[in-house]
């Protein structure tokens, strides 16, 4: 085994950053295959907190190659700022960080349009960082790729065409098109020089690494329930975080993916708008938010909190062929008298054990709960599964049964060492 996909099984914020940081030591390459700087990974490295938005978490290890592939949309300014922060912490990216020449560029007008559309249309809860509009341009075949951005004449021609196409919506919101164009051209002079050393054909890099049996970790952003096709549409992201997204988002054939690992929180959270069947509006919801420090790494927005939703996680396990699960934040459900698990949805006397596509059912369905006794005492610091409180062990085993996948690791904090190997000696690669 040499390739492993790590993805979120809920609405993002499952703790993928810590998990990827934990596994990255065993990998040679860490590859980000979709999304943009709308996602934030928070992790602790050598007792320092880091929040990464674009660069794969493996960059904190000096001997790892980190790739941003064609399925990602790249904001050059945001990337430069992120690298500057790493430089300040004496973490060099030179000769080990690469960007696909076919990745699409986020430009200032994408961010402006993102904000305009969020105000005018149904609120999706975007981060207003231009992700959706950049992907929209890609689909409309007017997008500007990294390779285009580096070629001055090509870029200027494409920019002109894009500004003509976007003039009505921008002018209507009071944007000075001439000033915007001048700003973009001026920024490009500096940013193209900054980008150029990192640009390559990442698909070929990955293919060559696979031939050499290198260990490759594919890192998703967001989570399955934000997937453009299989999430709570239209309250989704603009790309495919599921395992299938690796094939188109990194240029990797499906037969080259050896295993898929899902990251799942011991309860459920969601940021922004959209249906959320298990959402808690009471003191328990507040308890989970504060206990789990549930505030967005990118936006700082408070996350909506609820009980574990087995319908959602089982949906994710099936869609991505997940072979292993890592359970995070088990410590955040300690000291609760009774823990609930959503095992189905109910709408108009019909029971749904699989996740429904209907917007109406998603919005109005009631959760069907199974109740278990909670567990008391601090679980942080425990490194053996058998030493967890008996009710904590029962909770973990019940989750495995309900979602049809084994939980092989349990995370009890942000540090790498705050991890329990449930099944010893699992060969991740």
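Just so it is clear, glycine is given a Cβ too, placed from its N, Cα and C backbone atoms.
Annotated active site, proton acceptor per Swiss-Prot: 13, in sequence order, evidence recorded as sequence analysis. Per Swiss-Prot, the feature active site, proton donor maps to 41; the stated evidence is sequence analysis. The annotation GTP binding site is assigned in Swiss-Prot to 12-18, 40-42, 303, 329-331, 411-413. The annotation Mg(2+) binding site is assigned in Swiss-Prot to 13, 40 on the grounds of sequence analysis. Positions annotated as IMP binding site by Swiss-Prot, on the basis of sequence analysis: 13, 14, 15, 16, 38, 39, 40, 41, 127, 141, 222, 237, 301. The feature substrate binding site is assigned by Swiss-Prot to 297, 298, 299, 300, 301, 302, 303, with sequence analysis given as support.
This view paints the features noted in Swiss-Prot onto the structure.
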{"residue": "12", "record": "GTP binding site", "CB count, 10 Å": "29"}
{"residue": "13", "record": "active site, proton acceptor", "CB count, 10 Å": "29"}
{"residue": "18", "record": "GTP binding site", "CB count, 10 Å": "24"}
{"residue": "40", "record": "Mg(2+) binding site", "CB count, 10 Å": "19"}
{"residue": "41", "record": "active site, proton donor", "CB count, 10 Å": "25"}
{"residue": "127", "record": "IMP binding site", "CB count, 10 Å": "23"}
{"residue": "299", "record": "substrate binding site", "CB count, 10 Å": "16"}
{"residue": "302", "record": "substrate binding site", "CB count, 10 Å": "14"}
{"residue": "330", "record": "GTP binding site", "CB count, 10 Å": "24"}
{"residue": "412", "record": "GTP binding site", "CB count, 10 Å": "23"}
Handout entry: Chain-internal residues, separated by at least six, CB under 8 A from residue 222 (IMP binding site)
Key = 8, 11, 12, 35, 38, 39, 237, 239, 241
Completion exercise
Here the Cα-Cα span from residue 18 (GTP binding site) to residue 300 (substrate binding site), rounded to a whole number of angstrom, reaches 18
Problem - residue 301 (IMP binding site) CB neighbourhood, other CB atoms within 10 A - result: 13
Problem - binding-site residues clustered about residue 41 (active site, proton donor) [Cα within 10 Å; pool: 127, 299, 300, 301, 303, 412] - result: none
Completion exercise
Near residue 303 (substrate binding site) (Cα-Cα within 10 Å), the binding-site residues in question, chosen from 15, 42, 412, are none
Handout entry: Mapped DSSP class for residue 302 (substrate binding site), helix or strand or coil
Key = strand
Handout entry: Inter-residue Cα distance where the pair is residue 13 (active site, proton acceptor) and residue 42 (GTP binding site), in Å
Key = 9
Completion exercise
Quick note, residue 15 (GTP binding site): same-chain residues at least 6 apart with CB under 8 Å of its CB -> 263, 265, 326, 328, 329, 411
Exercise for the section: Could you measure between residue 302 (substrate binding site) and residue 127 (IMP binding site) for me? Cα positions, answer in whole angstrom. Expected result: 13
Problem - Mapped DSSP class for residue 330 (GTP binding site), helix or strand or coil - result: helix
Completion exercise
Listed recorded positions 13, 330, 412; those within 10 A of residue 299 (substrate binding site), CA to CA, turn out to be none
Exercise for the section: Run through the Cβ atoms and count how many others sit within 10 Å of the one on residue 42 (GTP binding site). Expected result: 20
Exercise for the section: List the Cα distance (Å, whole number) between residue 412 (GTP binding site) and residue 127 (IMP binding site). Expected result: 28
Problem - Within 10 angstroms of residue 40 (Mg(2+) binding site), Cα basis - recorded positions out of 13, 127, 301, 330 - result: 13
